[in-house]
Every structure is written in structure tokens, then in C-alpha cells.
Amino acid sequence: MPELTQEEKPPYIVTLNSDEQEIATQSSSDDVLTNRELNGWKLFPLASGAFSTMIVLTAYLLTTLATQSGFELDLVTPCRTEVVGYKCVTKFGFWYIDTANYTRYISAITTAVKCVIYISLGSLADHGALSNILFLLVLNPNMIWLAGLLSIVSVASAHIATVFYLAYIPTYTRIHSKLIESKANNSSLEEMIKDEDKVSSTFTTHSVAIGSASFILICFIQIGIAKLMNNDPYNQQVTIAFIGFWGMVSYTIPLYMIRDRKNPPLPSGQSYFSYSIKRFFKTISKLYHLRQFSKYLIANILILNSILNHVITIILLATNLLPSFNSTKLAISTVIFPIGSILGMYFSLYIQKKFDLSVKTITLISIGCYSLAQIFELIGSWVKPIDSYSYESIFWFTAVFRNLFAGVILTYKVLLAASIMPPNADNEFTSLCSISHNLTSWITPLILAAVTDFSHELRYSNFVLIVLTLTSFILINFIDVKIGKVEAKQFANRQSNNQN
């Protein structure tokens, strides 16, 4: 993926405030966004959607390899994976860890790597695609170390590639013909901001739609590969390699369709690294005046950590407790997420309009229902007739139920944030949400790993996840949206007065 260049500020950029709210005006038709360029950009989510599937698949692969290369708790007897609820350990560096924790430690390391390269490196998409293909070299369980290294590179690269792909949105918004026409017609500042929002929303919608389609398609291809290989464990490496080829094509073709675009320069004397750090802490300092948004920020970190680590925990539990769970069923459980999310979204919109509910209320209902699914799974540990991991029918029921609400949570929490975010500062505070999540998302996997290593009981992880979910529920419940709007408006006024 090409890096975004930072050259001199072109004459068609109009700065709306001191942070980054910019709308492009353009007098030369040569710099207007072309259909060819836009179509090239739309190919990127074909790869990002596929890499989302890869993240789940690598977690399952690492767990499989860890158990195949692991030992019973006596550190001598090979792990008997045919025993339901087996308790085994595997070597990680210089010590032994529970086999379920191998993927968690790799996840924590991957997050640390992402935090470094988010602000120091450019395009890593091709490296991620290449590392996916190299999974074909993982020929036996003893090569789990290679799978772990490739997983770190692949997942981190996929995330960074997505960040730089999304970075094109403000650039393309500024040079979109609608924005240029708006400037030519001498539209008011408010009208230009509305036009900008419409254009950027269209880009985001297209990105989500194409990415979801790619995600679902790859899941079905994964099922096909597993069937062709009779669910041989090596089908996981083959699928990951296929995703690598898919990503390489999806990332390479746009190189010949997308042009380098001029963007506003960094302040004089600033490097990418120092500017990102300073800006992050500058934004943090502003939270003192935004108490309601601060509650949201913490809740956002907690609920994202709960959902993402719950997905991994479900894979670990299914592998450990459901003997029939294989690559095909993994793909089916994965594809339930986007389909369930779409159905959940339409159902939530219907309920919201039918009963005239607020965004906050829908968010609370969704988080509450998701926590019920987590609690239900935990109760099944002691009440076997309703155990999700003793009866497949219950497992699939809970999978559908929680995914109906997971997508709603991820969507409506963003809408909630937008309602209490300072006007014309959405880019700054949206970035804060993303960065704060990435800076803290290594903590939860380590906590879950510590619990499992101490107890060798994987189900206890759900206690931690339930606490995270319910705490986020409580924080969002205490958000006063009306006060949040007032705080946001007052903050914006202060910023405007300071600039004047």
C-alpha cells in the first residue's frame, strides 16, 4: 500500500480549526477525485475483510498446535486431546503455560507491536500478505514458534494496513467533486461541513459493505477447503495462505489505480513519532472538560476488550470441550457474526423507531443482552443441561444470540460517542478512542492467561469478561447525554475563543 505523502499545503485546503477539520476546495479539475482512483481504493476492504477471518483462524491454529505439541500437567505425558476437558501445558520461551494461553500471549505481543508501528512505520500490507503465505511452512506442531511469529506479523500488518487505508477517507473527501462544487458555489461553512459528513459517510458505508462481503466469502471458501481436505488440520495453514494470496492481489492492484495525494504537512520541526505522542497527550488533557465523554472512553475500552477476548475464549473452550469442533464449524461460527450483526441492526432500528428509544438505551439493551449470554455460558459450567459446551444445539443458539447484539454494540456505541463529542473534533476524539483501546488491549489477554495458568480451568476466564461487560454497562448508564452535549458545545466554544 502506498504511503501518504506529507508535502506543502496546497492552495485548495481550507482549515476549519487548529486540529484537523479540513475541507478541500479545488480549482483545477486535474486534482479532482477520479472514478478510477475511487474504484481502486474500494478494493482495499476486499483484503481487510479477509484478514478479519484470518485473525480468528490463526487463533484456532495456534491453539491446535499448542495442544498437539503440549504435555499433561506432569510435563512428560503427551497431551491427550481426545479427552474432553483436557488440561495441558506447552513450552513458551523458558517456561510452561496452559495450552489455551499460547494464543493469548501472542495476542498481547501483537498488540505491543501494533502500538509501536502505528506511529513509526508506513505500509505493511504486503508484508502481512507474505507472512500469511509462509504459514504453509508450518508442517508440524513443533513449528508452533514459527506460527506464532508469523501470526504477530500477519495480524499487526493487517491492522496497520487498515489504518492507512482508512487514512485516505479525509483526503478523498477533501477532493471529492461534491466538496469542490460546494466551494465553487460559495456555500456556507455549515453547509460545507454537512456535505463533508455525507461524502465521508458514503465512503465508510461502502468500506463496511465490501469488507463484510469479503469476510463472508472467505468463510465459505474456508469451509470448502476444509471439506476438500477432509478437515485435515493442515487445511488451516492452506486457508491462511489463500487469504495471503487474496490480500496480495487486493492490495497490489490499487497501486496502479491510486495516485499520490498532497496532504497538510506536519507542524514545522515535528516528526511523525513526536507529533503523534504530543497530540495524544494533548487530547487526553482535554478530557477534564468532557466528563461524560470520559465515561464513554473507559466504557468503550472495557466493552471492546470483553467482546474481542470473548471471541477467542469461545474458540478455546470449543476446542477443549467440543470433540466435534473443527475447521468447518469454526468457519460457520465465524460467518454467524456478520450475518447476525446485520439482522441485529435491522431489529434494533425497528425497536428504536417503534418505541422511540434513544441511542443510549439501545446501547444499554444490547450490552445487557450480551452480558446475559456470557452469564448463561458461565452458569452452564455447573448446570450441565444448559451447558453450551456439552450440547451443540445450545452452543449454536448462544452463538446466534450473542452475535445479534455484538454488531449492535459496536455500531451504536459509535453513535453514542458522536452525540457527546465536541463539534468539528470528531477526527481527534475518534482517534483517541482507537489509540486508547490499542494501548490497553494487551492487558486483558494477560489477565485471562494468568487466571488460566493458575487454575487450569478455562471457564473462569468468563468471570473477568463478565466484569468488563457489566462495568461498561454501568458507566454508559451514568452518561447523561444532555449534559454531554452541553459540555461538548462549551468545549467547542472555548476552543474557538482561544483561536480568535
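Heads up, the Cβ atoms here are built off N, Cα and C, so glycines get one too.
Keep in mind that TrEMBL annotations are predicted by a computer and have not been checked by a curator.
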Stated TrEMBL location of transmembrane segment, expressed as one of 89-108, 109-128, 429-448:
429-448
Which listed range (144-168, 238-258, 296-318, 362-382) shows the maximal number of Cβ pairs under 8 Å with respect to the transmembrane segment (394-417)?
362-382
One stretch in 238-258, 296-318, 362-382 has more Cβ pairs under 8 Å to the transmembrane segment (144-168) than the rest, namely 238-258
Do the transmembrane segment (208-226) and the transmembrane segment (330-350) come close, with at least three CB pairs under 8 A (pairs 6 or more apart in sequence)?
yes
Does the transmembrane segment (43-62) come near the transmembrane segment (330-350), with 3+ Cβ pairs under 8 Å (pairs 6 or more apart)?
yes
Maximum Cβ pairs under 8 Å to the transmembrane segment (460-479) - stretch from the list 330-350, 362-382, 429-448:
362-382
